[in-house]
Amino acid sequence: MSQPSARPSAVIVLAAGQGTRMKSTTPKIMHAIGGRSLVGHALAAAWSLAPEHLVAVVRHERARVAEHIETVAAQLGIDALAIADQDDVPGTGRAVELGLAALPADLEGTVVVTYGDVPLLTPETLARLVADHEADGNAVTVLTATLEDATGYGRIVRDAEGLVERIMEHKDALAHAESTGDDSFVAIREVNSGIYAFDAALLRRTLPAISTDNVQGEKYLTDVLGMARDEGGRVASVGTQDVWEVEGANDRRQLSDLGRRLNERVLRHWMKEGVTVVDPSSTWVDVTVTLSSDVTLKPGTQLHGATSVATGAVVGPDSTLTDTQVGERAVVKRTDATEAVIGADASIGPFTYLRPGTVLGEEGRIGAFYETKKVTIGRGAKLSHLGYAGDAEIGEYTNIGCGNITANYDGVNKHRTVIGAHVRTGSNTVFTAPVTVGDGAYTGAGAVVREDVPAGALALNAVSQRTLEGWVPAKRPGTSSAEAARAAGAEGSGAQG
């Protein structure tokens, strides 16, 4: 076996299927697992080969699918993409023929054909397919897998030299066994994945000649293998030990199975890199997430999108982070965060909701039952419990009391609250934006801050407490409160109020 270093001239990704068994208004290849659509995974694997050209063949919901593919290609840095349209002639042979037509007419070298609904195919396997194909001078190289149950798959039939003689479809193997009593073809467990490396010149010669004179009325790509052998070309194979690499998603159950397998692969990778995953069965990490060594993921953790978690951080239990950055040694528990930045040594949760634009500085804290949005919180600042901070800036080492909120919305526009450094706010303070509180200022419990507070000042609302002694026994006689008050020596005065 050769080293996987060859670069193909082109990769053709077949993405024209409708996917009716998904029973969805979303095209099959746009369904997602592990943070990417099915076709996104296929394009990423294809582009890992660094081909000169990459073609996606589309048909069903053409405009929507093509736009999605172009968006994914831009995200992956693919700069050699072409979109080809499949016409009314059905079959994989026709799809590849139209994909080939989108490539330069004088293209030489290796053309890889793969599928847009096979998300677990690895770059390493594709590279090995190309390398062996070119090193051995094959006309066609088939990617195969060996299954416990090969029902429904085309069987790999080999000649005396061990090369691929032909691919026998399952129904043909059954028919042969029924008519001859020979079930040797049915017993074959090595199957065709539908993924190939071809010589480009061979495809140009043979694809136009493929007939639709068959039961399905389709142009079968597998016919190229027989044509190659008729020309004296070598048809060989490369096998994968992981059968999940060649599994497609045709319905929701298969989509779920593939998602679970992909997640297991992702978690195994990160555990090898020094990440502790306490319970892999309840932990989900997208392929786009970045983790550092000595990160700990506790049960119920979900990490999505461009989330990154730095060394020594602990996430979970029961936390969902999307496009969120977590700093070194930070602790995030029972938190839902989207597009947030959590500084080193910071603490979040439990039961915390960080909305887009939340930036928590180093050593900061956002505690239980807090919601934040578009807020920058300085180093060492604390928002410990029961509050809302939105459209705000909070300075370093400020302590925000229990039940504080920034009243940022006047019914039409959002307004900003600025709270300085080393501020101390009393419980249930309301900041009616726009308002600024200077460094070192205090607010009293229950204060409604409607005007700017200078540095070092105390802001409180001057409402004196009024106490009506004996009110409960007089006004709520017969209640348990009245009985308790009388037992404590209170007398009902009949005071008004």
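Cβ from N, Cα, C; glycine included.
Owing to the predicted nature of the structure, the values given are computational and were not obtained by experimental measurement.
Copied over from Swiss-Prot, here are the features:
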REGION    253-273  region 'Linker'
BINDING   N408, Y409, S427, A445  acetyl-CoA binding site
REGION    473-497  region 'Disordered'
COMPBIAS  480-490  compositional bias 'Low complexity'
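Feature annotations (Swiss-Prot) mapped to structure.
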{"residue": "N408", "record": "acetyl-CoA binding site", "DSSP (3 states)": "coil"}
{"residue": "S427", "record": "acetyl-CoA binding site", "DSSP (3 states)": "coil"}
{"residue": "A445", "record": "acetyl-CoA binding site", "DSSP (3 states)": "coil"}
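Within 10 Å of the Cβ of N408 (acetyl-CoA binding site) there are 22 other Cβ atoms, across all protein chains. The average pLDDT computed over the region 'Linker' (253-273) stands at 98. Summarising the acetyl-CoA site geometry, the residues cited as binding it (N408, Y409, S427, A445) extend over a maximum Cα to Cα distance of 22 Å. A C-beta separation below 8 Å, combined with a sequence spacing of at least six in one chain, links A445 (acetyl-CoA binding site) to G401, G426, S427, N428, T429. Taken residue by residue, the compositional bias 'Low complexity' (480-490) breaks down under DSSP into 8 helix, 0 strand, 3 coil.
According to DSSP, the secondary structure content of the region 'Linker' (253-273) in residues is 20 helix, 0 strand, 1 coil. Neighbour list (Y409 (acetyl-CoA binding site), Cβ cut-off 8 Å, at least 6 residues apart, same chain): H415.
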